[in-house]
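Enquirer: The following block contains the structure, expressed as structure tokens.
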Protein chains: 2
Amino acid sequence: MEISKAFGNVLKKHRKLAGLSQEQLALQCDLDRTYIGLLERAQRQPSITTLFSICEVLKIKPHELIKEVEKLYGI
Amino acid sequence: MEISKAFGNVLKKHRKLAGLSQEQLALQCDLDRTYIGLLERAQRQPSITTLFSICEVLKIKPHELIKEVEKLYGI
DNA sequence: ATGTAGACTCGCGTCGACG
DNA sequence: GCGTCGACGCGAGTCTACA
């Protein structure tokens, strides 16, 4: 699986686990609602600061999330 | 420490560990030489695909590198 | 082998609006 | 609550060139 799609899947999974809507997540990590949607649908890729601020809200360490992305990506 | 600076430090450290010059690294991961320099000096931040392709060349898992960035960043 | 600078393309990230 | 669209500013990433 390509990397942005892997990230989108992992993001969606952890957002649901946190019990947040795209809007709530966007609000808390100071991003746009539509942009979270774009990330989950793999139409945008985050920079690493964006990654860190999302992970902070999701209460997960960035490297944990990246590890899951690696698995889906296949390395 | 801010996040792009943390990344720059970690990148430089692992590039040296791999025994590569900025030019050699850039060539192998299909990026520009000047851009690697910009990353190390924290004047640019990588997207996550850029992160993955750099890590592949450095023979390190992205989540390992991210873990070190977290430490420097302080979380 | 690296730092810097200018100019360029394209994608990130925002915003308003509609279904 | 989400997908999508158009438009926008700005930053990612490239290229050339000079020190």
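Just so you know, glycine gets a Cβ as well, placed from its N, Cα and C.
Remember, TrEMBL labels are computer predictions, not curated facts.
As annotated in TrEMBL:
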| type | residues | note |
| --- | --- | --- |
| DOMAIN | A:11-65 | domain 'HTH cro/C1-type' |
Enquirer: Please work out the helix, strand and coil residue numbers for the domain 'HTH cro/C1-type' (A:11-65) from the DSSP assignment.
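Expert: DSSP composition of the domain 'HTH cro/C1-type' (A:11-65): 37 helix, 1 strand, 17 coil.
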Enquirer: State the mean pLDDT for the domain 'HTH cro/C1-type' (A:11-65).
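Expert: That stretch averages a pLDDT of 97.
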